[in-house]
Number of protein chains: 2
Amino acid sequence: MRGSSEAFRFLDKEISLCYFLSILERKKARMEKKTFGVGLFGLGTVGGGVAELLLNENWKSKDYEFVLKKVAVRHLNKRRSISLPSRLLTTNPREVLEDPEIDTVIEVMGGISPAKEIIIEALRKGKNVITANKALLARSGSLIFKEATENNCYLGVRASNIASYRLIESLAYSPSKIEELIGIFNGTCNYILTEMERRGESFSNVLKKAQEIGYTEKDPSDDIDGYDTAHKLVVLLGLTSGHFLPLESLFVEGIRKITLQDILFAKELGYRIKLVAIARRKGEELEARVHPALLPIGRGLARLDGIENGIEIRDETGVEVGLQAPGAGRYPTATAILEDLVCMAEGRKLVSPYQREHLTLKKMEEVETRYYLRFNALDQAGVLAKISGILGSYNISIKAVLQKGERESERSEFVPVIMLTHKAREKDVQNAIRKINSLSVIKGETLLIRVEEGIF
Amino acid sequence: MRGSSEAFRFLDKEISLCYFLSILERKKARMEKKTFGVGLFGLGTVGGGVAELLLNENWKSKDYEFVLKKVAVRHLNKRRSISLPSRLLTTNPREVLEDPEIDTVIEVMGGISPAKEIIIEALRKGKNVITANKALLARSGSLIFKEATENNCYLGVRASNIASYRLIESLAYSPSKIEELIGIFNGTCNYILTEMERRGESFSNVLKKAQEIGYTEKDPSDDIDGYDTAHKLVVLLGLTSGHFLPLESLFVEGIRKITLQDILFAKELGYRIKLVAIARRKGEELEARVHPALLPIGRGLARLDGIENGIEIRDETGVEVGLQAPGAGRYPTATAILEDLVCMAEGRKLVSPYQREHLTLKKMEEVETRYYLRFNALDQAGVLAKISGILGSYNISIKAVLQKGERESERSEFVPVIMLTHKAREKDVQNAIRKINSLSVIKGETLLIRVEEGIF
């Protein structure tokens, strides 16, 4: 007994000394600048911006120093917006991953592979990781966050959703759960829809222009088919709830089917068409979907023009917040990455300390909302009655009808008939449309766009 | 030598053990729930909300427990929205300050004294402090932050500016300095100005209604004279730059002088009148001011109705962010305080790690902006020429003139003449107005309202 109590007394002394030393250590750390060795993957628009900020004296913090040690690129001699000393450049990722002086890896190369392998390996080697890769985070967010936690590394993802990152921390740390969220997360789609309205041009003409001025990739499908928006929604919900939804479980619809005609009809009815991400919680059920929607003109997100992005949130106490922000771009993304560096240096973690319950994802067919329907109908008596009869049989009631005398062409006898419905169930609407489409007085597919109110 | 090197070896062992123990300690801390004893000062709208959230199981975090130990109130038997066990209530502040189980003090009693003494004493006793008291922070922010730092305490101030707190951390941690900021920080003023326009009523009638429905204090001067807005601006600039401007150094003007007439004239010219806080940096000079301003209709802050608040920010890289948020209220404020509790428990600090340069405050008379001027002028030929002649002699050029045939009363020969100027220097405008006011063709004081563009 005595022996053991002496051992404890010894331990006590050790602990006091240890405590004293740790205070000294902390005091010392405060007086010295902490230095971090940074390795960068990718030197495109964003990577170039990050390198520029890291090399610029203006951006230095008083407490930390971030030293750019190495940049991995695909081609050494490509023309770039920034010229770096050639000793910094390498085409070999291993030179970054295996450099013991590099404790922090910034991944802005994009794509799933090899970005994923690079991030996982960096984390397993104990390096902090900062990434802008929403496509990867949406697919492998759970795994990547697990690796970061297990290896006690900082994982910075602010740059993956510029539209909302300035709210993410506050949302993650708020005791109050999100009840409803609606966002415009894709600048390309918002630009295309805005320009169609402004210039009275077709989707394909405006898309071509967007490609010419570099507002979208050569293959624009990620943007215009809604996947980029869906990636950002999955990451946002993952960060604020701790649960990353499987990407495939989300309902995702893009803007390819939206015609200039629909934009003008919507305007006449008091709406603008936007590509939105929506999450809504009711009890233990969660709706999460991405699709074009009619939003009331002059309110909230409907006011966002061109490449602007925004988000509106209501929490369970009824507190509402709306944020308007750039969606992407060199400096918005590069400064988000720098902010991650500083938060990393401060020892922060971007994970909610709240254990949010795991919600069940509501099936899309059970979702209830309002609908804009555009039928291509024969211009003759009794057609409206037929359509509304079928809608009625599925419990879908009509709020407004807009029938335009404009036939598709001189020889066509078909005219667009627009109906706005009251709230209805997706499944009923889909079934009703299928039935209506099979009528002989209807030509082609009926277009359906959902109608949302937004929060502000 | 050998002795000292052995001592070092001994120290080495101690450090390894110490390191090992500290890891154990941290692991243990992670597994256990950290408990914080909370003392609350004030049990009004906000205090009641905080108590409700603290006592409600819904709001518990998985890592922390916040236990409400004591609530200091002025009157024990007042009717309140929340009924607490009487053992929790006390009228003696000392019972909170001297309770060793209370490590965290939440001050939502308002007023300068005794709130200031309570906060300083709590910090000196090593207690963390969370406060919503913008008036106090605007006056004594430097001192209070200094005490918090010296005593190694957490100081939470999110609740002092609900309109902007969700951006404060991001702004404080962003490497990029704020270049321009414009905000609507006072719900009462925004409500009054919105209702005057909507209902076509006078300032004093709408103020009376605001007082009846509890949107403003019995003595509304802090709100309508602009001081509440100025407090919030001082705190916001203090948090993001580290420098608290002396409140007296700010130019502050309220909304008492705004008439319904001005609101309607402004509308005709394409503007809405709002009470705004403005900060703008040019080189090493800072403009910081609070006053009513004409903002372009349909854009940015001009769209905020009723008690809504908002802020727009542009940083030095040109990144623009706009936030729309509630300005006050039970739940917005109480959840902001809970968020502070969680950040405190996480060991965060809300102070910028960037050493922002100390800027010189630009004198108001040197500020350049555009102006709306309302002269009360004799309805006769040559008057416009006289006014514009004087303006011209001070280098003030006129952009638009609006002359209404509406005389002040049937017998009056005076009519309002409105002029919008191009950019001019405040000093020149003040001097010109003084000269114009002394003309015999002018009756009474000329009203001056500044015109701002906003960011969005």
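Here the Cβ of each residue, glycine as well, is placed from N, Cα and C on the backbone.
Annotated in TrEMBL:
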type	residues	note
ACT_SITE	A:LYS232	active site, proton donor
BINDING	A:LYS134	NADPH binding site
BINDING	A:GLU217	L-homoserine binding site
DOMAIN	A:372-450	domain 'ACT'
TRANSMEM	A:36-55	transmembrane segment
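Here the domain 'ACT' (A:372-450) has, by DSSP, the following mix of helix, strand and coil residues: 23 helix, 28 strand, 28 coil. Taking Cβ-Cβ distances under 8 Å and a sequence separation of 6 or more, the neighbours of A:LYS134 (NADPH binding site) in its chain are A:SER160, A:ASN161, A:ASP228, A:HIS231, A:LYS232, A:VAL235. Summary: among the recorded positions (A:GLU217, A:LYS232), the fewest other C-beta atoms within 10 A of the C-beta are counted at A:GLU217. Under DSSP, A:GLU217 (L-homoserine binding site) is assigned to coil, being neither helix nor strand in the three-state scheme.
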